[in-house]
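A short write-up of the structure that comes next.
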Amino acid sequence: MKNVIIACDFENKQELYTFLSHFPSYKPMLKIGMELFYSEGPDLIIALKSEGYPIFLDLKLHDIPNTVQKAMSNLGKLDVDMINCHAAGGIKMMQAAKKGLNDVHSKALLIAVTQLTSIDETELRQELLIEKPMNETIVHYAKNAKIAGLDGVVCSPLESKIIHESCGENFLAITPGIRLEEEQQHDQKRVTTPALAKTLGSDYIVVGRSITQSKDPLKVYLKMMETFL
Ligand SMILES: O=C(O)c1cc(=O)[nH]c(=O)n1[C@@H]1O[C@H](COP(=O)(O)O)[C@@H](O)[C@H]1O
């Protein structure tokens with residue numbers, strides 16, 4: 001079940017396939033997000049699935065329940081393995097997301113984003129006016145996601161332990177915010193190494209720039225697999 005997911009944040013499919021040429025005999029799980037999906041559309045997902053790549057479609061749906069349900073039904077037809085929405089949309093919205101997938105018999109794991117890993121405690125309080133501590137809001141959102149019938153949450157590895165303590169070991173902690181020692185954090189605030197993510201109990205780590213901007217992506221990927229699995 002544990003896996004390293006590569007966040008494929010590229011401008012277009014040419015850049016993606018150039019990157020994938022570093023992995024001639026591997027089919028890593030790929031996260032396709034807004035940047036690629038908005039430029040290439042559903043055809044890219046269909047192509048990658050037919051080539052054998054497991055896909056996490058990361059479009060972070062967040063809208064009224066009816067809209068999310070219908071959108072999820074359309075996305076569910078793409079036969080992706082994992083898909084997400086924002087827990088901030090509320091329990092009814094998450095239930096609608098689940099229903100949208102069920103309506104098209106999708107088997108995708110449905111995951112709720114809790115608090116983005118680019119947000120820290122200060123922004124939470126001062127910009128978003130959320131007075132509760134970060135961990136408390138994350139556990140609360142995770143419990144809401146569980147009530148709605150979702151499979152897990154996106155959070156930072158720093159919260160994987162409290163997610164499992166509050167929602168059970170089988171409730172998935174999918175964790176971006178991964179950096180190698182001494183690497184720059186870019187726009188991420190809540191980060192750990194793959195080794196610490198493993199210790200803290202993450203189920204999947206999501207890794208973008210550490211792999212995609214490396215001179216030897218396959219080497220970094222294999223090292224992360226070895227450390228994390
Ligand atoms: O849902 C996500 O995947 C996500 C949630 C979150 O809280 N933080 C986060 O970084 N992500 C995604 O995880 C990836 C992290 O990329 P890097 O920071 O380059 O490793 C990006 O594609 C983000 O869109």
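Just so it is clear, glycine is given a Cβ too, placed from its N, Cα and C backbone atoms.
Whatever TrEMBL says is automated annotation, not expert-curated.
As given in TrEMBL:
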type	residues	note
DOMAIN	3-224	domain 'Orotidine 5'-phosphate decarboxylase'
BINDING	Asp9, Lys31, 58-67, Thr117, Arg179, Gln188, 208-209	substrate binding site
ACT_SITE	Asp58	active site, for OMPdecase activity
ACT_SITE	Lys60	active site, for OMPdecase activity
ACT_SITE	Lys60	active site, proton donor
ACT_SITE	Asp63	active site, for OMPdecase activity
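Overlay of TrEMBL feature records on the structure.
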residue : record                              : DSSP (3 states)
Asp9    : substrate binding site              : coil
Asp58   : active site, for OMPdecase activity : strand
Asp63   : active site, for OMPdecase activity : coil
Thr117  : substrate binding site              : coil
Gly208  : substrate binding site              : coil
Candidate nearest Asp63 (active site, for OMPdecase activity) in space, where candidates are the binding-site residues Asp9, Thr117, Gly208 and distance is Cα-Cα: Thr117
Cα-Cα distance linking Asp58 (active site, for OMPdecase activity) and Pro65 (substrate binding site), given in Å to the nearest integer: 18
Distance-selected binding-site residues near ligand 1 (C-beta under 6 Å), from Asp9, Leu59, Gly208: Asp9, Gly208
Integer Å distance between the CA atoms belonging to Gly208 (substrate binding site) and Asp58 (active site, for OMPdecase activity): 13
Close in space, distant in sequence - Leu59 (substrate binding site), Cβ under 8 Å, 6 or more apart: Gly33, Met34, Phe37, Leu75, Ile83, Asn84
